[in-house]
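Below: one structure, written as structure tokens.
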Amino acid sequence: MPEVKVPELAESITEGTIAEWLKNVGDSVEKGEAILELETDKVNVEVVSEEAGVLSEQLASEGDTVEVGQAIAIIGEGSGNASKENSNDNTPQQNEETNNKKEETTNNSVDKAEVNQANDDNQQRINATPSARRYARENGVNLAEVSPKTNDVVRKEDIDKKQQAPASTQTTQQASAKEEKKYNQYPTKPVIREKMSRRKKTAAKKLLEVSNNTAMLTTFNEVDMTNVMELRKRKKEQFMKDHDGTKLGFMSFFTKASVAALKKYPEVNAEIDGDDMITKQYYDIGVAVSTDDGLLVPFVRDCDKKNFAEIEAEIANLAVKAREKKLGLDDMVNGSFTITNGGIFGSMMSTPIINGNQAAILGMHSIITRPIAIDQDTIENRPMMYIALSYDHRIIDGKEAVGFLKTIKELIENPEDLLLES
């Protein structure tokens, strides 16, 4: 019978975690229809069946890590089950599963891979996956004696664990003692221990890699936002009318300013590959977006060829896709430079961490009204923003980093020039 395998995703992605089965065992499946959602290091993707038929077996459970090319489901022939009345068209195995299924097992918390089997000795109903039930029969194991690890559903690995139990009892007891000692280190203090999501674990790993593998340094400057705020105030209503409701924000100004600065200082648009330095001739700018799953960085492509309205519309679209978990892998890879805005959370100053293999990242911050010396005799309150450029000192010299940030400052403080250049 045809197998559904984890498809090739992106060059850097070799595995994923099954987030949710979208089809139950016995359900009809159309060609090209999604049967499960896979969580990868970057985005969630739907895995589709290349054949029409019936989902006859799930070879992995929700929460399992699966590799690219691994078989995760089997598609059998038939039209599937719409209800118990249609079960006469199923295979004998499917009829057995349907007849033994508990009526109350309908809520979403139950693993979609589970089926029910009556124990021949005591008629007790046992929840088990089809592969586990078959494996138990082949090895003469009584499912009633197997302790399931997850969701009260017996799986193949639970049977293996039972068979290996005598040899591993001492090791298990030692491990349990270590765990107990670790948990009881502060017995009177409340703690919560939980596993990190795949995406958070990946982010933690990559952030540490950047910190360990780059000569990261941060330089700062400050920007007087008076002129750009006045320009935005004058233009925003007409801008929305002219561009189908698209709002004029600060991100488009900083994006266009970054493109101009990258052209002036191409080292900032580079990366190291072994002994080579690759200078990118394109301007795909990453914009950090905060979601419930953490920070994601989709890329606005070809920012040098887009106007302010196109950039603002694309940023808004990517933000919606990120929060609705609809970003594709194409949205998340092969960027050249990143902008992050900690100001939306109230950050006054920070040292952002370089994104992936890029050479630098620009940090925006809160706009704060502060007294500024205009000249020797005049002090005025001005809306000021600190900006930061974290950069890889292996590629970028301090002179170029300071010059880059100074270019950003000059363009934002003279936004009319930025508009003309666009």
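For all residues, glycine too, the Cβ spot is worked out from N, Cα and C.
Features of the protein shown, as given by Swiss-Prot:
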type     : residues : note
MOD_RES  : LYS42    : N6-lipoyllysine
REGION   : 77-185   : region 'Disordered'
COMPBIAS : 80-94    : compositional bias 'Polar residues'
COMPBIAS : 116-130  : compositional bias 'Polar residues'
DOMAIN   : 127-163  : domain 'Peripheral subunit-binding (PSBD)'
COMPBIAS : 152-163  : compositional bias 'Basic and acidic residues'
COMPBIAS : 164-176  : compositional bias 'Low complexity'
ACT_SITE : HIS393   : active site
ACT_SITE : ASP397   : active site
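Distribution of Swiss-Prot features across the structure.
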{"residue": "LYS42", "record": "N6-lipoyllysine", "Cβ neighbours (10 Å)": "23"}
{"residue": "HIS393", "record": "active site", "Cβ neighbours (10 Å)": "13"}
{"residue": "ASP397", "record": "active site", "Cβ neighbours (10 Å)": "12"}
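DSSP assigns the residue listed as 'N6-lipoyllysine' to coil, not to a helix or a strand. Distance noted between the C-alpha atoms of HIS393 (active site) and LYS42 (N6-lipoyllysine) is 27 Å. Secondary structure counts, DSSP: the compositional bias 'Basic and acidic residues' (152-163) has 8 helix, 2 strand, 2 coil. A mean pLDDT of 74 is what the model gives for the domain 'Peripheral subunit-binding (PSBD)' (127-163).
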